[in-house]
Each structure stands twice: as structure tokens, then as C-alpha cells.
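Taken straight from TrEMBL:
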- 92-367: domain 'Tr-type G' (DOMAIN)
- 101-108, 165-169, 219-222: GTP binding site (BINDING)
Amino acid sequence: MAASFSRCGQQKALGSSTAQERRVFAPACSAVSAPAAASVNVNAAPVFANAAPVAARGVAVPRAPVSSRLQRNVTCAAGKDATAEGREQDLSRYRNIGIMAHIDAGKTTTSERILYYTGKSYKIGEVHEGTATMDWMVQEQERGITITSAATTCQWNGHRINVIDTPGHVDFTLEVERALRVLDGAVAVFDAVSGVEPQSETVWRQADKYNVPRVCFVNKMDRLGANFFRTRDMVISNLGAKPLVLQVPIGSEDAFKGMVDLVKMKALVWSGEELGAKFDEVDIPADMVDQANEYREKLIDSVVELDDAVLEAYFEGTMPDNDTIKRLIRKGTIDRVFVPMVCGTAFKNKGVQPLLDAVVDYLPSPLDIPDVDGVAVDDAEQALTRPASDDAPFSALAFKIATDPFVGTLTFCRIYSGKLEAGTYALNANKGKKERIGRLMMMHANNREDIKAAYAGDIVAIGGLKEVITGETLCDEKNPIILERMDFPDPVIKIAIEPKSKGDLEKMGMGLNKLAQEDPSFGYSRDEETGQTVIEGMGELHLEIIVDRLRREFKVECDVGAPQVNYRESISRPNDIRYVHKKQSGGSGQFADVAIKFEPGEPGTGFVFRSEIKGGAVPKEYIPGVLKGLEESMGSGQLAGFPVVDVTATLIDGSYHEVDSSALAFQIAARGAFREAMSKCGARLLEPVMKVEVITPEDHMGDVIGDLNSRRGMVNKFEDKPGGMKLVQAYVPLAEMFSYVSTLRGMTKGRANYSMCLERYEVVPPNIQTEIVAKQKVAA
Ligand SMILES: Nc1nc2c(ncn2[C@@H]2O[C@H](COP(=O)(O)OP(=O)(O)OP(=O)(O)O)[C@@H](O)[C@H]2O)c(=O)[nH]1
């Protein structure tokens, strides 16, 4: 049997469910791409002084639906005046936004232009030159990708815009999730050539989950094959959204000059494409007047429906004025009736200023969204809320931890209510501990500006917090609240790492500890028996970056093993198990008797525990012991030591001894019952199956399909793509996808690309299960 792992870095929290019904081990959600690390055997026995701190995990509760947003809109008018002394900007003039999209759609380039045009940076950093301000990590600059979401603050048109640029690669999906949790609105960037790409779908659904209002920016209008209206159609068909066209492009590809603004009914035409190029507001070109009229009419038709009085007047022949149109676009955007759509080319500096106008005009301020939800500290069933007001008790959510070489730990927080001053104390509501607010900073990518106080709506970094981790709440000690937790995916792959020397071993312990603190989708564990260290993450690229950071930031010399799938174990049939734990030899005895019904749960349900004990057959105080024993057992299954998922356990009966029973005895009995259940309930292995989308030239399509089939893949969809390309979609087990990037490159001479994300867990075929189990036993 595989040796047991002590799992560090993460703990699956129990959400807010009751003690009688709890869930752990939510299904993983992520993917893989990029080259595999070198393969080396690992035998060392590292010893770490500290286990990584326990990261909170929980079930995210989406924001309130539209109806409650509408209610909030009513309240906000009253809340607006409640601005405390010291606030620089009225809360209604805040926009907390994220920039989200598929990899390479141009999020970072767009964010860089936003910084430039808002006067925050005087020199533009280019992604392809490795100088982007927002991509400040050395790994980001070398690879030209965003890995961590960077936060920055800028000003536009009398508004404070807090921007978070999020990664597009699916391995860093947690960064997107964290950002969406604390944002009020988002800009969804699309590549005008590729339109809606797989990861744009994933982030779109994440934004749906958190009810985040969006504006679409169709970028790269200068590229060959760019097509604004095709992208609009894909937003409808692939995302099921209702785009509201606010601009019509003037020309495309090389001839892209600007756009017609359908509210102003003016053409915005750029005279150059250099940084800072000016644009003029001129009359609509004669050959576009009909098209502009047609789309303005569609725009007005969509917005008048949101206001009965305006609709009535419209039917009677009165056109709404531009202020009314803008008011209704804002209302429809915030209520998520439609998604305004604008266009441009960030790289060629066209369209960014109107995009900023759209952010200010149409995305919500903190006053436009529902009061943040939470629960009481001593009673998870008691719902609490906090309004976006400086006068309300202080509450903030830590959504990201970063390690800064100068400041140490930086904790990024979104302040939902109240005021926070540097040098004061706040309560970590999750841990019940007071923390000193040493330094308070506004962040500009990796630069920071010290501030004395922060207010409702701000996104700030706090320096020097000791024990706060991602997802925890900081609040006023006298008015404690625990805000909704975030949903963290479970790692899908793992690799073994071996430090080269004893010195490296110590540094590795420290490094892993810090990295796990920053990143809840990363975990590490140490096999107590073999001393092997295993790191777990969301994909090959994710772990590659972790190892790179260990080497560079923590100066750890190490060898790295081949990536392996993080399988899961489950059961296939129900069974009632009775287990008696009895120990009489020496000292006081131990006695616990449990009868537990084990049943396979629905996919994705994790672990559900219920107690149906009647008449005190198992006294109430021993039931947490049963739960604890089962939870411990779920961490490592009997087949091959993988986590067990999708099991429902119901405590139906039992007995106890007046003297010899204890919670510990029931914990041991539950572990015994679980062991028996795994052998009597048809234990089986589950594997992550990925949705893989390959975009390939037609002449390589046969090879691509043949290769996917040989990887146990099931091809389920073909589609035409712009430029004579074909999309092949297939479901393939993750175990068969390692190093796919290099195979695909070789097979198609580098002309195809692919992306993938976790679709579901499936039962591993019996012959493969036998192989995996045998391999795990040898490894143990
Ligand atoms: N032609 C053209 N290229 C662009 C435009 N915007 C961005 N690019 C280029 O597209 C590439 C990807 O841009 P990024 O801004 O890094 O895209 P991203 O979405 O931030 O990528 P990730 O952070 O890795 O997900 C870079 O080489 C950019 O220079 C554009 O408007 N036109």
C-alpha cells in the first residue's frame, strides 16, 4: 500500500455546512499545458521545520441575483453621503475591475495602455519585449505571459480605477477566481481574429458565477483576419450572452482607423498608431452612415425596454436623449441584461480611451453591487451583511498573499466596509486573532505607495501580517464577521522533487512554505516513510513555475521528477459497515462501536457526512470523533493512497461504554469502518479527463485526430476557424496529455496550438487501474 502523506499547504475547509452534513474535497478544476520537467528519481528524505499554514478552502457562494442588485441600487443613493473624513474620492467614483480573457488576447497590453493613458506610467512596457509593468515577475517577463494577477490603481475622468490584470492560462485559473471574487466589474478582452476561445469561455463562466457585470473589448482589430461582428456572433453562440454593440469599427486589419461611437454618433479616428496617438471626433464617414443608423437603432431598442416611461415615450415617437441612453446602458450592464461591446487595438494604441470611458460610464461602483454577505463568527448559520460605507464596521477580504523581497509578506485586501488605518489592529475573524496593520499600501504593479488609511471600496496591500491567508476576513474586533470564502480547486498533477544537498533541503522547506502561503492551488506533502517530497498543482506549467521560483528566489538546487496525475479514489456500491474498536490491554480501556452506511455520491459532491443517530446510541459528543476519523481516512484511499471523493457516509447506529468510550475511540472506529468500506464497496480509481481543443491547419487535422485517439481520447467536435484553420475538440485523460505541447509542435511544424481544461473525473479502465495501483505499491 502507498505510504500515507502528510498534506501541507492546504486543507479542505468545511464551508459553512453544519456538523451533521459536511463536505470536503470539491472536485478539481484546472488543466495543463507547456513542457514537462526533466525526469529524475527522488529518494531523499527532507525534513521541514514547519508545515505550511493551513489555507482556507470553502464553497463560494455567488453574489446575489439581479433582483437584489436592484434593491441595492435603491439603498446606494442613501449610502452615498456616508463618506467619512479623509476619503479622497467619493465611493460612487470607484471602479474595481478585472481584465480577463483567453491567453494572448491582449489583457496585459490593454492594461499597460490603461496605465499609460491614465498617466500612471510614462513609458509603455511591451509584453513581447519583456518589459510590461503589470507582468513584473521575472518568469512572466521571460515567457511573455501573466502568472499572478497584478493590482494597480489609476485615475480616469475623475474616477479611481483599481485594475487587476489576470492570467489567461488555465493553470493559473485560481488567480482569476480570486480576482473575480473581489471585483465589481470586468473587461473581457477578445482577439478579433480568434473570437471566443476556450479559456475565454472558462473565465466568462467564472464571472457568471460571481455575477460580475462586464464590458467586452474586441482587441487586435489591426490583425489579418480581424472581424468584429464574427466575434460578436461568437459571444452570442458560445457564451450565451447578449452583446450590446456600442461601436462600429471603421475599417479592419491594416485599414483599421477607429470606430463610430453609436451614442455620440461621431467617428473617432486616430491619426497615427504610435503611443499617445491622438484621435479626432469627426462626422461619420458617408459610406458608414446607414450602418451606424442601423446599429444605433438596435442599441436604442435594447435600452428603452429597461424603463417603462422611456419605452412609452419611444413608442410615441420621442427618442431618448444621450444621457438617458447612457443611464440605461449602465443599468442594463449592472443588472447583466446585456454586455456592452467596444473594439480597438491596444498594441496600435487605438480604442483604449473610449474603453476607459465605457468602464467609468457603465461598470458598477461598489455602491451599485449588493452588500457583501458573511456569517457570524460563532454561528455559521447566522447570515450577516456589510454595506459599502465608511461608517459601517470595518470588513475586508484577503484575496492574495505575495512575498515581497523588501516588505516581506504582502496581503492584498478588498475593503468592503469601514475604514482601516495603518498602525491599528484588526481581527482575523477566521482565526480569532488580532493582527497589527503595520504598513498600508496602494499597489502599482510591484511598486507601492504608503498610505495612512484605506476606505470601503479600496483594494490595498497590508505589510507585515503574520497569519492571515487567502480567503480570510479582517474585521472590526467589536463587530466580527466572516465573509464568504473563496472556492479553491484541487490540484490535478504532482511531481516529486529532491534537494541536492542538506542546505538545499532547509531552503526548500522554507521556500515551499512561502509559496504554499501565496498560492492555495499549490500544495506539498512529505511521505513520512520514504521522506519523498511531492508538490501538487494545477498543471505542468504551474509546477514548472513553482520549481523555477524555488531555484531563483530561494536558491534551492533540486532535481525534479516526471509529472504524475493526481488520481482520486471512490466507491462503486453502497454497503452498511459495522466496526467495533475495543482495546482492553493495560491502562484505561477504549471502546467505540459504529454502524455507518457508505454510498457512492454524485460526481463532484466530495464527502458528505450525516448522522441519523436516535436515542443517543452514539452520544452527541462522540459524533465529531466519527466525522474526524472519516475525514482523515478520505485523505488517503486504500487502493493507491489517493484522496477519496464522492462518498456519502451516514452514521446509522452504534454503542458506547460508560467509562471506556471517548471521541478518540470513535475516531479510530470510524477509520476502521472506512477501511472496511473501501474493500467492501468496490473501490475504484477516478482520473481527470480534460476537454482539449486543438486549432490546426486542415492538412494536419488527420494526424492530430489520430494522435488524440491514440491517447484514449474521444473526439467529439470539428469546427471551421478563420484563416483555413480547423478546431478539433476531444476529451482525453490528463495522464495521456503530458508533454503534448512538444508532440503537437513536431506534428504540425509549430502551426497548431491547443488549450485544455478539466471536464470531469471518470472511472479508470480496469487494466489501467491495475497498472497504476501496482506502480504506486512499488513506489511505496
Ligand atoms: N497585432 C496586435 N497584437 C497585439 C495586440 N494586443 C496585444 N498584442 C500582442 O499579442 C501578444 C499577447 O499579448 P498580451 O497582452 O501578453 O496578452 P495576454 O492576454 O495578457 O496574455 P497572458 O497574460 O499570457 O494571458 C503580445 O505579443 C502582444 O504584443 C493588438 O491589438 N494587435
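Glycine is treated like the rest: Cβ placed from N, Cα and C.
A101, D104, K107 are the binding-site residues among A101, D104, K107, T166, M221 whose C-beta comes within less than 6 Å of an atom of ligand 1, given in sequence order.
Less than 8 angstroms from the CB of M221 (GTP binding site) sit A192, F228, P249, S252, E253, F256, C343, G344, T345, K350, G351, each of them six or more residues away in the same chain. The average pLDDT the prediction assigns to the domain 'Tr-type G' (92-367) is 86. Secondary structure at A101 (GTP binding site), as computed by DSSP, is coil.
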